[in-house]
Structure formats: C-alpha cells, structure tokens
Amino acid sequence: MTLLENDAATDPVYTVGDYLLDRLAELGVSEIFGVPGDYNLEFLDHIVAHPIIRWVGSANELNAGYAADGYGRLRGMSAVVTTFGVGELSATNAIAGSYAEHVPVVHIVGGPSKDAQGARRALHHSLGDGDFEHFFRISREITCAQANLMPATACREIDRVICEVREQKRPGYLLLSTDVARFPTEPPGAPLPPLAGGTSPRALSLFTRAAADLIGDHQLTVLADLLVHRLQAIKELEALLSADVVPHATLMWGKSLLDESSANFLGIYAGAASAEPVRKAIEQAPVLVTAGVVFTDMVSGFFSQRIDPARTIDIGQYQSSVADQVFAPLEMGAALQAVATILTKRGISSPPVAVPPAEPGPPTPRRDEPLNQEMLWNRLCEALTPGNVVLADQGTSFYGMADHRLPQGVTFIGQPLWGSIGYTLPAALGAAVAHPDRRTVLLIGDGAAQLTVQELGIFSREGLSPVIVVVNNDGYTVERAIHGETATYNDIVSWRWTDVPGALGVTNHLAMRAENYGELDDALTAAAEQQDRMVVVEAVLPRLDVPPLLDELVGSLSPPECGGRS
C-alpha cells in the first residue's frame, strides 16, 4: 500500500507516527524539514496536525538534510523526512556530513507497507529486485543507530534510536513503513530516560590526582574545539577558564565556542598556519589542556600541530588522558570540572596574558577602491552584532572569517571536515528557523550557492530576513589556487545574482551588487537598517584573490589534499 486510504488528519486513533512526533517534541524539536512523497504522506498529515511540531517543506531532499543539520547545531536535536529510495538517497550527503560533524539528526524515511515488501514486488523507488533493505544497509555507514520499524516493537525502537542520537550527537535512521506509521499504539508512559552518564569515581579520582601533579604551579593554557559544544560542556569549560588567568584558543572548527573578545583569548590555532603568537602560546605552553579537540587536515594546517603529549591533558567525550595515561570511563564535563577545582584549590594566581602590541589596522579604503578579500571580511566583521548566527561556506568565506574576532554572542557555523560546498545556504535556513529571533548572516561563494540556491524562496515563505553575501569571484577560486588557474573546469556560468531572489519567489528583499568598497559599505549599512527584509549582497572580487590563511594552507598542498570552492 503506497497511497492514502483515509484522511489521517481526522483519525482520532493515536499511532506510531504520533508517538515518534511526541518523542521528538520532548527533545525540543518544533519543526521538521523534508519533502513529501507518497510513502510518507499520511505521516505528514500527522505532522501538520501535531500541536507542537510544524512542517517546513524544502525544495529538495539534500537541502532538507542540510537545513536539519543547521537546525540541529543550534537546538541539539532535529529531524528530516524523506521518501523511500529516491528521497532518502538524495539526502545521504547531508546525513553523512552530520555524522562527520557530530550533529544529531533523526532521518525518517517513509517506506512501502510491510505486506508489499513481503511480497517482494518491484515497487517504484526500489531497485526492482524485491530487496527493500538496500538503503537501510547504506544508512548503517553514516548513522549511529538504525531501525526498520515493526508494529510490535516500533515504540521501543524509536526510543532506542532517538536516545542513541541524543547520546552520540550523530544521525539516526528510522524506516517508517506506511502501515507501521498508522499502527495504533499508546502515548509515551514516561519521559525518555536521562543521559546514561559514564564516569567512574575511581577514574575521576585517578585523573584528578594525575592532572594536579602535572599542573603543579604552572599556568594552564587551553585549546578547545567543537566537541565541547556538541556535548553541552560549555559551562564547565567556562568555569575552568574563570578559575584562574587561563590563556585559551580554539580551532577553526570550534570558532565562537568561546568569547573572542576576552583578554585571555589568544585566537585561532591552525598548526603551522597559525599567527605566530598563537602558535607559540599553544605549542610552548608549560601545561596544555585540549578539550574536545579533533585535529582534521583543514583546521590543523594539514596536521602541522606540534603538541607535546608529555605536557598535555587531553579531555575527550568519554575518556581523558594526562601525559598519555588514559582514564576511562570519564565524561568531558566531569573532567573539566576536576581541572577547574584543581586551579581553584591551589591558591595561585597566574600572571596576566601577555598581549602583543596591537598592529595598526588597515586604513579605511577609498570608496571607489575595487573590492578585495581583506576589505570584504574586515567590513563584514564590523557589521556583525551580538546574537548573529554566521554561516560561512567552505572556501574563501570560511577562511576569510576564521582569523577575524567575532563580537560576544555571535555563533559561527562552518563545515570544515565534511566540506560539502553549498551546505551553508540550506543550513542557514535551518538555523534561522531554529532561532528566528537571531538574525542569520550567510557568507557563500558563487559556485557553492549555485548548488543549493533553490532554498532562497523558503526563507521568504517562512518570514525570515537573513543577510546573504554571495562572494562572486567568477568560479572556483580555491581550486584555481591549488591547480588549474586558468582551466575551464574551474569556471562556472555567470548568474545575475541580484535577479535570483525574485525569480525564486522571495517577496520582501533588497538585492545589491558591490564592486567597490563604497558599494559594500552602503549595502551593509542598508542591511543593518532593513532588519525585516532579506538582504542579498553580491560582492564582486578578483578571481585569484584569496584570504591570507587560505593562501598559507594552499601553499603547502598537493591538489588531492585540499577541498572547498569559491
């Protein structure tokens, strides 16, 4: 059975589909992204009728997955609905990115009825061989938990998968057949169990003793990264940083995790590509705490970090180490609290962080001066205000912003590990839906935007007013810098970007083209004044101009090692 038999919206029977929605709502999900298909239509009726959860339809399944990712980064849980086969495979890239970047997304796939599957018929959206678990098996590689829901065990399996997603901060997969979705059941009898926890008192005691011995009377330095955010250990990290004068930095992946306006904030650490004062402070620290740090190629200067394990306390998700001695099971929050207590109890006040003399900033460009990368990112950072959510697509946008300090209260989102270009445009939709009270700022290259631009009209339909800066550098600039400076494969078709929003259904917007500094300044000033409108700024830049940090990274690469476009 693949088509509607009755009007589920008027059916008073409580179903497995309702149970799933109630569990998602319990974890803070109030919007679900997706694309309708005949295998999920009845379930969508239940979403529309739900008292808390709202349906947000997307232009395609890939964009829906990206939007769910952006939503999940801010809300701590999200969901996307697709249809069997053609729909779910379209979302696979997005789900894999969420897995790589530790984002909790529940992927709900509407499937054919169990009877139809059991008959092994050649149904549409299948491979025609009677095997309906091809795609379920694919999902095992890119999700932390999966379930092909059956009537008798559906509720228990829903709870299991959702709890795994919540615990591991990675996607889960639910195959919800049409007949299982409508199967009668009872509402949840109790809330989901709290996070299991996993700290051994003995491991904590031994870790604390070893950490105290290593720290002694040394000043501590901290390098933090995104897992602190994903594991909701920011308060514990902030308590550690306030227990003494603690110089600290983040990787690009964890940018905005900490207050970048703090006097103790060193900057962004990127291995050999770091600013020299930051590199020395991290690599020569008497004792270094690495909290939630994952060194990937694109955030570590291609693994050029020089961290001495003998002087390092490494705090991970479920285990920590002191000078390579491992202590487990030990949760991140507990380990951070232990280090904060060590600093508080020792009664020593460390000296202030040595701040290098401030270099004079660049002079304000002439209004008629043609735009370049430096002007663009400097002026954009001036335009940011507390509360903004900034998404920078992988390429010149991400690396152009990485070195700039953000105002307190700004959230920065990138995708430096998975690095799927175009991700940030739908992810910006998800972020804006998650927090409509915070203005979203999207920074994306022209080539990347061409992949996912269909979602622009959804912003307008949802009443959202982002600022979108399209970096028009006439093609794939990062690839030009790596290889093929004049090769035709790094060219793209030129679009009239100021005409695009209207063509895609945006009804309340301002679109401007900036070729010089004065036009950029005017556009960003107008964006600040037009808080209730989408503002699209096409920033025209030289095709071979790249930010200094990206230039530093690209200079040390062979072509297969680098990624990102525009």
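A Cβ is built for glycine as well, from the same backbone N, Cα and C atoms used for every other residue.
Feature annotation from Swiss-Prot assigns thiamine diphosphate binding site to Glu61. Of all Cβ atoms in the protein chains displayed, 25 besides its own lie within 10 Å of the Cβ of Glu61 (thiamine diphosphate binding site).
The region 'Thiamine pyrophosphate binding' annotation in Swiss-Prot covers 396-478. In the predicted model, residues of the region 'Thiamine pyrophosphate binding' (396-478) average a pLDDT of 97.
Annotation comment: Swiss-Prot describes Asp446, Asn473, Gly475 as Mg(2+) binding site. Annotation note: Asp446 (Mg(2+) binding site) sits in a helical segment as assigned by DSSP. Asp446 (Mg(2+) binding site) counts 26 other C-beta atoms within 10 Å of its own C-beta, drawing on all protein chains shown.
Residue counts for the region 'Thiamine pyrophosphate binding' (396-478) under DSSP, split into helix (H, G, I), strand (E, B) and coil, are 36 helix, 15 strand, 32 coil.
Between Asp446 (Mg(2+) binding site) and Glu61 (thiamine diphosphate binding site), the C-alpha separation comes to 21 Å. Within 10 Å of the C-beta of Asn473 (Mg(2+) binding site) we count 25 further C-beta atoms, all protein chains included. Here the Cβ of Gly475 (Mg(2+) binding site) has 22 other Cβ atoms within 10 Å, regardless of which shown protein chain they belong to.
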